[in-house]
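Copied over from TrEMBL, here are the features:
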type	residues	note
TRANSMEM	B:12-34	transmembrane segment
TRANSMEM	B:40-60	transmembrane segment
TRANSMEM	B:65-82	transmembrane segment
TRANSMEM	B:121-143	transmembrane segment
TRANSMEM	B:150-169	transmembrane segment
TRANSMEM	B:199-219	transmembrane segment
TRANSMEM	B:240-259	transmembrane segment
TRANSMEM	B:265-289	transmembrane segment
TRANSMEM	B:296-313	transmembrane segment
TRANSMEM	B:325-349	transmembrane segment
Amino acid sequence: MKGELKGEGLTVRDLRVTFDGFTAVDGVDLDIRPGDLRFLIGPNGAGKTTLVDAVTGLVKASGSARFGGQELLGRPVQAIARTGIGRTFQTATVFENLTVLQNLDIAAGAGRRWWTMLRRRKEVPEPVERALETIGLSALRDRPAGVLAHGQKQWLEIGMLLVQDVRLLLLDEPVAGMSHDERQATGELLQRISEERTVVVIEHDMDFMRSFARSVSVLHAGRMLSEGTVAEVQADAKVQEVYLGRAAEPVPSEPVATAQEA
Amino acid sequence: MTTTVTSRARLARFRAPGGFLLGAVLLLGVAPLVLPDFRLSLLAKYLCYAIVAVGVSLAWGRGGLLVLGQGVFFGLGGYAMAMHLKLADATAAGETLPDFMQLYGTSDALPWWWEPFRSPLFALVMTVVLPMAVAAALGFFVFRRRVKGAYFAILSQALAAALAIWLVGQQATTGGTNGLTDIQGFFGYDLNDPVNQRMVYLVIAAALLLVMVLARQLFVSRFGELLVAVRDSEERVRFLGYNPANVKLVAYVVAAGMAGLAGALFVPAVGIISPALIGIVPSIGFVIGAAVGGRASLVGAVLGAVAVAWAQSTLSDAFPAAWTYLQGLLFVVAVGFLPGGLASLATLLRNRRTRPDSSGGAV
Ligand SMILES: Nc1ncnc2c1ncn2[C@@H]1O[C@H](COP(=O)(O)OP(=O)(O)O)[C@@H](O)[C@H]1O
Ligand SMILES: [Mg+2]
């Protein structure tokens, strides 16, 4: 199933991750179609981060996770990354001692031949230039990434995935700690990205999810509780009980965030 | 603001070649003119340590690898060179065996692994290739298995100790504790002639400049940026599709090659290589200079190495016991309180005077 899209489907079957007898991910099935903008929600400790860790090779897992026809489980992190999967972390991890430009240039370079590595960077590569525009950090390109504000670091991380040219982006709480305007800008950025690539976003914020999700998966205690469109998931009684109910948050029937911005 | 940045960048572009030129004039022109023979040959020895420090700056300063076993590579380079020079001395004297083998030897035949070192080309190549090969083999296992900082440092130390102990035990073929001493000639030149000693100094100074150019190219290349990225966040680099083990391996192997070259040049400069020069204590000594001067800065590491070596030879004669403690103290202070070394002091002071605008800046 390959289209014009750079994205490719992720198929997870019976995924299981155990830490010293504690099962953090308990037999999860997940299908993400190319070009989807999927939100993965669930209470704290539901296993969302662990699921992404398993798919990207950071923790050992049993079951199966296939991307573009290749099995991912059991392969080293860098091999999985080279199949076209990129991720960000809950706490932004950029190379603080390197400039914004250097961060992006390194992200763009995994496919470079080794002898070109021994040369100095002469000009800014085209994809890096474009990513700088996209994430709005052109003016800060020569700043060390360590001095960036929290939200800017998250954008830089997303930019690094763009120049890495991944086909599947796994973003772990990318808008946590952002202001409303920054969230809005990030959401729109993710929508634009998902026109060409597949995007999975782990998120807590329900407003944000309602505004931008194309589809939603709800994880609870290591299991997949519900899947579908935003409306379907919100209507699901199980979800209301374990997640939305517990969040003690009224569930408006209409999306509100989009109405505020114009 | 843009104009000041570009003009500062333009200035920075001339700073490196300008500094290099100044260094070259000082090392190759001024020093041989003003220094008497004795001082110049001491400087030659210090510059050998500085060559090791250049490698330390690359592997430790940029790559975060605490290379506490550079004595191994210095020793391999030194012994490779000394073996050739001993064989050449013996041949010149009309003997079949080097002097110490006649003294301690159990058989009259040259050990098989000495034989290839008769060839000057083989020996020269080996001074660099042998350390690099050992580093590659060691690094391959260590970095792939993700052996972390402290364990890597201990392993390096253990290797340095093991090589020194092995050399001591093989008196008949390596000269044992004494090492390979009394080296007379250097590729046909009599080392007892002060003119030739000056030539050796010039060779060493030129080698240092060359090694610094090589290291600087690595620093400013994409590899150099990647190396810093690996140092700061190895895991993140992996998620970008790189194998950090390979990046570290390159830095480690290059640093080993530089230490080997330094060891090889040390032999004609000082006339000896011995286990005492390559074991645990000298291995720590190799990084102290870089730590004090500034391990992430090439010039800082070089000047630090020369300064510490000078202090050692000045102070250790007068207060042999005190020097050991002072050395330890220097290391702890530099690593613990001034990780950038003296090289960072200037920047630190400058920043204190003119606070940089730390505002995040608008998008
Ligand atoms: N390395 C680990 N060792 C032990 N337990 C872990 C580890 N990582 C996560 N867990 C546990 O697994 C569960 C799921 O964690 P996580 O995936 O981080 O949840 P989420 O991202 O959904 O908030 C939590 O109970 C957490 O304590
Ligand atoms: Mg999490």
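Placement of Cβ uses the backbone N, Cα and C atoms for every residue, glycine included.
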Within the same chain, the residues 6 or more beyond the ends of the transmembrane segment (B:325-349) and with Cβ under 8 Å of it are 284-285, 287-288, 290-297, 299-301, 303-304, 308, 312, 315
Taking the transmembrane segment (B:65-82) as reference, the highest number of CB pairs under 8 angstroms among B:121-143, B:150-169, B:199-219, B:240-259 goes to B:150-169
Lying 6 or more residues past either end of the transmembrane segment (B:199-219) yet within Cβ distance under 8 Å of it, the residues of that chain are 16, 20, 23-24, 27-28, 31-32, 40-41, 43-44, 47-48, 50-51, 54-55, 57-58, 62, 186, 189, 191, 227, 251, 254, 258, 261, 265, 268-269, 298, 302
Relative to the transmembrane segment (B:40-60), the stretch among B:121-143, B:150-169, B:240-259, B:296-313 with the most Cβ pairs under 8 Å is B:296-313
Relative to the transmembrane segment (B:240-259), the stretch among B:12-34, B:121-143, B:150-169, B:296-313 with the most Cβ pairs under 8 Å is B:121-143
Residues outside the transmembrane segment (B:121-143) whose C-beta sits under 8 Å from one of its C-beta atoms, at least 6 past its ends, are 72-74, 76-78, 80-81, 83-84, 152, 155, 159, 244-246, 248-249, 252-257, 259-261, 263-264
